[in-house]
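Annotated features in Swiss-Prot:
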DOMAIN    10-87  domain 'RRM'
REGION    184-281  region 'Disordered'
COMPBIAS  187-217  compositional bias 'Polar residues'
COMPBIAS  229-242  compositional bias 'Polar residues'
MOTIF     245-280  motif 'Bipartite nuclear localization signal'
COMPBIAS  271-281  compositional bias 'Basic residues'
Amino acid sequence: MFPAQEEADRTVFVGNLEARVREEILYELFLQAGPLTKVTICKDREGKPKSFGFVCFKHPESVSYAIALLNGIRLYGRPINVQYRFGSSRSSEPANQSFESCVKINSHNYRNEEMLVGRSSFPMQYFPINNTSLPQEYFLFQKMQWHVYNPVLQLPYYEMTAPLPNSASVSSSLNHVPDLEAGPSSYKWTHQQPSDSDLYQMTAPLPNSASVSSSLNHVPDLEAGPSSYKWTHQQPSDSDLYQMNKRKRQKQTSDSDSSTDNNRGNECSQKFRKSKKKKRY
């Protein structure tokens, strides 16, 4: 097979193109049928794009699949015409019967599709393009194409961006409970009521240093409720009183002994000074 004939068997004719259609849009669209090697939109002598072009695939099997998949879909409101290229070995075959031997797809459903792009069960692929050189219409087309071939993005927007609870709600033990009756996208927040022991731990104040030093005991009043309390003083026993009085007496005697020792020392020093004065005379 000659190279020209082989390339013609891998190429499809795309007609009835709207003036805003660019080669990048056709590349993204026909990439669903298989890997591409070249996309061309014919132009006149003045450089203006014509209403037809050619898409060359890497494999000839992708040609019949592209015709069955994309023939008749609408780009900018105009249905495109996808056929075999003139001169190929299969150009005489009807376009709606060429793909039945490979995949059973009714191309009539795609010709009547009123959407911007056709449906496909294959995952959408993209190729890197310089964003600065693309028109605004291409990004609109690519955005709509992404929503068609990605069912995850068809969920309600607020389902994926539901606000997370802040630190205050997390600390107060908030639980997320979905409302099944209202639908999958609705939800409600229910507050978990703290138990009596939690209320007691949060509301009961701690004793200060004075109350701790005076040997105070915290006794909760169960009859008044979990958040009420009273303070009771522990009375010392008889043995404790005896020890306290004994310590006081020992302290008093030690103070008196130290005072008498000081007086004796002063008297001795005075006598020593007087004896020195007498010796001088």
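Each residue, glycine too, has its Cβ placed from N, Cα and C.
Per-class residue totals from DSSP over the domain 'RRM' (10-87), listed helix then strand then coil: 18 helix, 30 strand, 30 coil. Per-residue confidence over the motif 'Bipartite nuclear localization signal' (245-280) averages out at a pLDDT of 72.
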